[in-house]
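Beneath this line is the structure, given in structure tokens, with notes to follow.
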Amino acid sequence: MWQFLLPLAVISTVSGQTAEVPTHHRIFLKYPSSYVNFTSENWKLKEDDNQLIVAVRFQASSHIGQIYSVRFLHENGSLESMLTVGIAEGNLQIDLFNSQHTKILNKPLENVPINVHQHSLAVGLNTSSKSLWYKLGTNQDVYCEINQPIHISNTEITVTVGGGSQSMIGCVSIVAVSVGDNDPVSQGTPISYQDVESCEEANACTTKDCNTGRCLLLEVPTCDCYGTEMTGPSCRQPVSTIQLRNNDENEEASAYLRYKPWQTDQDITRIAMDFRFSDADAKEGILVYGETNLLQIFKIYVVGTKGKVMLGTENVMDFELRDDHSQFHSIIVRFGEGVFNMFVDNSVLRRAFNQSLSFTTIQFGAPIPTDVSEVGVTACIKNIYVDHYDIINMISSYNDSRVIATKARPCINEDLSEFQGPQLFSADPVVEITNDPESNEGKSEDDENEPKTANLFPNPGNKKKPKPLSASSCEKANAYMCQNGAGCEKESETEFTCFCRDGYIGKFCQFTTLPRSCSEAHDFLKLPNGPTWVDVDGNRKLDPSVTLCLDGETHIPHDMLPSTVVRDPVFQNHSLFVLSYRDFNTWQLGKYIKNSGSCSQNVNYRCNKAPLKFTEGKTWFKSVSKSSEKIKQIGKLENSCPCLDLGCQSGEKCNCDSGAISEDIGDLTGRNAGISEIVTLFDEADVHAEMTISDLKCSGYENEKPIRFTERTELLVSEWKGESVDFQFRTSDTPATLVTVRGNYGEKIIGVSLLDGHTVQISHFEATRTIGSQNKLNDSDWHHILIELSEGEIRITVDASHILMNIGNNAVLEGNVVLGEEGNGLIGCIRNVLINDESLNLYEIVKKSEKKGISETCDTRCTPDFCQNGAKCYEDFLTGMPFCRCAFPDVHSGVNCEIDINSNSSVSFHGGYLKFDDLDSVLTAPIYFSFRTDRTHALLFFAHDQNNNFLQVHLSEEVNVTLTLNNVDIVSQCTVRAQPGTEFGDMRWIQVAITHDSKSSQLQVDDAACTIRTSRILSELPIYRLHEAYNSEIIRMPIGIASPVKPDPYTFTFVGNVNVGSKTNDGSYLLVPKYDSPIPRFYGCLRGLQIDRKLIDMREKTERLETSEMYETYGPVQVKVGCDVGCESISCSNGGHCSVAWTNTDPSAVKTTCDCSRTSYAGGTCSLDEGVHLEKNGFIDFDISNEMSRIFVERSVKTPQLLKFAFSSGPVDELEDKAVLASVTFKDRRKLEIEINPNRTVNVAITYENGKADVLNFIGDFLDGYRHFVVIQTNQASATAVMIDSLRQDFEYRDYDRNIDMFSAESVKIGDQYSEIEGYNKNGFEGCVSNFVIDYQRGSSLSYRPITYFSNSNHHLSKLIRFDRAVSGGCASFEVPNSLPVYQNRVKFPVWETDFTRFNYRGEIESGDDSGNNNDWTQEDSGSLMWVIFIILVLVVIFLIIFCIFMKCCREKIHARDDGYNHDEEIPLNLAPTIIRHPQPSPPMQTKSAKSNYAVPIPNVDFNKENAYDDDEEDDGVGDDIADTIRNDDESDNETIRHIDDEMHEDGDMVVVSRPTQVNHLPQRVSSFRSGDPTAPKDSPLYASPRQPSYPIHANSPVPPPRMATNSQISSI
């Protein structure tokens, strides 16, 4: 049957889809989740059917995934068997499973590759013969054996196209399905589907030859070769490999491939990479690192088999590599519409992803250089694709400007940890890799004659501020979930994503990363001085604030001006002054003071006969922490001033209390600081007083009382119910458990452990994560740990590093917080433990625990001068004693590292060199030396042997020290770069160390280091070709010195330079080996040369060679003993450094000057600031072409031209239009402009003759009033580079004649006039510009200063100047004096508008003898108070006695019954709640039956109403008592309460008592008849039982309480 099924599929393929497809559609599987389920009545297998044939046609876009599956189902729905057909690693994969999902197919060993072309495939299954066969295209049939019997008869089949949660990406058509011996059925019925579309019809790609690749219809048909292992225009060339080497200490030395797409290609849909680790000990690093147009960072990195995809701080996806690293790993990332797909080895991952990414840069193998050090990868890579672009092929074949590669080579020997001998040939084509334009490589060999020029571009950087993320279409309920001002983007009906602002992390941006104080910012986050965001309560309700941080100390200003008048006769009233603090409200300020270890505020009170009089309550303060208390002091003592310590004037407690002209100065500290109010009471005798309150200054932490662990034990410190845990630790020990949160049953909920000096492990139940810290964590310094839980996530912070973990399902967040751990605890100290932001008293906890090995002290024994020569002081926490670890143990030794081999060993190089031929082990031994120089580029050290093995160290760009060496015939390099804002060419002593081990070579420069991760292996045979050189700056050794066969061994070592064949003084020519050096000779000093731990005496060598033939020939002054060059005699300002005239032999000449090239200043000491102040639209125009037309200069492609100037803005709050700082107009109508934008950033633009422009944007606030420095480097042969302050960006390199060059400049303009451009306007800069220099670097004759010509009208070039609205004057200084800004601090103080004024104080005035503040009372005051209290008590007793007598008399009068007549009862049931009322008479004597003459009066109370007083809320329950009184009870007649009185009147059986006068005790009103009133109905309230009130009632009147009559006292009338 299959014989005609397969041709049917083949015909459809060959016809280019012109024939009608038998199935209803060609199905496009878009995502790994795509599928379509088909079934048909004709696909049911009958009882005697045992065969199935499925024919499909497919075209795969991915090299993994399921093409289709067939399930055999019984009538009850159970699975009998399943057939799957898919692609795995680019090969066809067919599997058959039984009902237990066990593979039962014995497949052949060969692989069948699947490319991206369309394929026809028929698969047949026959259970009788226990065989499965398949036929791909026109290939031969392949048969497989079925290992176990299966029974497919009487089953129904379902064909799933795609599916399996790992669908193939591409097109599939079901050609036909044949069941048993039936005819093929061409179409099934789709019963369910997901994420599918119809495939496109044929196009122009039909005729495009892409071999096994895939054709894409772009502008022209283009081949996509991914997955074919081929490359080239038609996918017919074998792919190349690239060896990447990581340098985890310095990104610039790492190998990488970088792709910068054109703008039209920035919406990337696929990124692919195949790689295999090359270092068995370094299976980690950055694989892909990209930057979007919004400046989001996209990266993929792996650690072992674990991997992660990140976008900014968002974790996009986690993945795992297979455990077998011997084969290439494959990673493909696809960005779809709302979906992120990732294919990793054999797995497919997918998640919703609605962000649209446009990449400006994608880098493979290493991170783009940033402020954060990240690790590149050491691996062999291939198949590097971005969309259809083969990046490696673009580098090697096209020399495409969009791609850049550095430090890369073909994969000759991939395992860098084990060298297996030299390979003479590589299986891969040699990859010609262009140089990174940001590097210093690629200079021609004749650079020896290069003039000394300034290189001001050491720090490349293109970081831009991300554009704000726009608000999304989230529902309000979801948008509210995104906290702290985060943006929200809806991903599906139920899912959304929060985009956090800077300073916040978490799924809902619920965690802040802002420091809580300046101390935290300085100590742990290492933030620079200046405006800093702080959040005083972390993730709690208070908003963050901006404060000024200076070396960890907070400065918070207020709005009370200095010398504010607080007492003056014109006031005529008491005064109140209320202080406000910038960006801090009362609660924020109070919390900040609480968080701090110490706070202080200085008070300066200057008086002229205006005393303070704290004791008399004439002056007081209030603070935010003590708002209800009066602070009556300046200093530490109450009611006094600091002068009391030495004696105040006239014996008073304050100087000003003497009544003279004086002042009192002191600090308010602790909770007294943070003054919020000042009150000064008016006194006509006061003349004048002024007060100055300083900024509030705080530092330290809330609880700085540490405890020391001297044993590996633990300490339970608190119960825990999900609160935050915050503490600080310091140790010199690892590993150690720092803190554990244990559950109520001892289970570990959260654990934090220090694994090594840079790694912290976090565990949450079974899950573990690690945090890597750039700073050493066991260095005896304090470090910070923070654990917070919120919104289903755990956030753990270690210093400045953060990690997030999901809270475990059904986790019970209750338990205890335990510091340390038994047997594994910390040996060190812990302090400032906060649980839920509340400080714990560790001393009390330690006392109660009675734990051994824990003490209540942790004094720091290290002092700043304890260790010398840059050594680090550590503490032994067991003994409490400090010890030193020398930075270079082979250079420094002794207890305090005080012994220095550099002492008395220095020599100075003035153009010469030293050569040693007796240092045999120099190429593999440790090497140490120190140097100092003012040069930017110099050879420091070079050594080689007879086989041309070599080792070289050189300085470049002032900031780079590079180690270059060979391992057999492979060249390797690594570079240490100076820290931002520093340089190696500033005449400081720089220590260098080179060491080797079995797997690597390391270069250490001061505290920084880089590593070449390749074994140091010397060739045993002469090397005649060095690979991987790539135009590196390498000394070329002379050929022919040694015999080509078994040469005699020798090793030559050069210090300072090599012999390049310099001219002699006597005209002779020395026949010695000549070296070719692209590196200039060293001018400077070198000392402490140590090789193989033996000190080399360079001074003895210098003295001995001064009389040799060589030195007699070249001159004896090229190397001198010592380094006394005179730098101590000059002082350079503003960051300038000493520069020496090394070649000047005139003894009378001044040989030292100041190098001001990196300062923006000029003059002999870098202090000259020749500037001009420009009004708006003011300018200075310099006609430079007029001057340059008179001069003929031979251009050099090596020597760039520099345009330099400094600027500072005037009082500009806001710009309406762009402001032009400077511009250069060129002869070919091109223009260079530097302008400030309304958003306070700077644009540097090159506008071309066609009107188009390239623009660089520098982020920062350049209108802050401080000084900024601009340097622009131009050269026709290189890209234009721009540096503002310390941030560098480069324009794109263009053709040789398209790069701007100052030789073609026509005019140079400082400032500008108003102009209108399309879409916006431009004005001239309003502010100051100084030291404007156009330097052609050909000497002073080709250096132009337009401001000098403007200021000096007598200068011969002043005639070339035009100007308007400009006056001379210098500019402001840098924000940090004497320091070029390293970067722009983007945190700015908020606009602060306040209306500080004096108020009239109308509050309580206290006398000097009766102050309401207990803290101000003296013993005399206390005695007076006791007398007052005694007198009041006596008066109260007398009043009570009089009152009691009065009430006794009143009561006797009320109850007197002199008339003997019993009055009728009036209003018996509606007694008003009166306090005192007249007694009511008793009824008259009865002579007849009660039934005949007694009538119950009609009450005026509605008894059906439950509470007659419900609306009276002031009755305090009275209404309730009355309502209870009038309820009746039929069985209460015998318990009725009669009239109650103090006296009992016996009259028959009737007891007459007087009525109570208190409503709250009102008895129930009942009949006077013993057996009840015969005239009252049975349900009358008269029969209600008495009810006591449910709560005690206090009498409000002096009437005595009523008495209750007993049953024995009740009688009838």
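Positions of Cβ are set from backbone N, Cα and C atoms, glycine also.
These figures come from a predicted structure and were not determined experimentally.
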Matching range for TrEMBL feature annotation, region 'Disordered', among 1498-1555, 1556-1613: 1556-1613
C500, C518 - which one TrEMBL pairs with C509 by disulfide: C500
Of the candidates C829, C884, C886, the one sharing a disulfide with C867 in TrEMBL: C884
Fewest-neighbour residue among disulfide-bonded residues, criterion Cβ within 10 Å, set C509, C884: C884
Long-range environment of the domain 'EGF-like' (859-898) - Cβ separation under 8 angstroms, sequence gap at least 6: 708-710, 731-733, 779-780, 827-829, 926, 928, 991, 993, 1004, 1006-1007, 1088, 1090, 1093
Mean of the pLDDT scores, which run from 0 to 100, over the domain 'EGF-like' (470-510): 78
Counts by DSSP class (helix H/G/I, strand E/B, coil) across the domain 'EGF-like' (470-510): 4 helix, 10 strand, 27 coil
For C500 (disulfide bond), the number of other Cβ atoms found within 10 Å of its own Cβ: 25
Neighbour count (Cβ, 10 Å) for C867 (disulfide bond): 24
Rounded distance in angstrom between the Cα atoms of C509 (disulfide bond) and C867 (disulfide bond): 44
Helix, strand and coil totals (DSSP H, G, I; E, B; other) for the domain 'EGF-like' (859-898): 0 helix, 12 strand, 28 coil
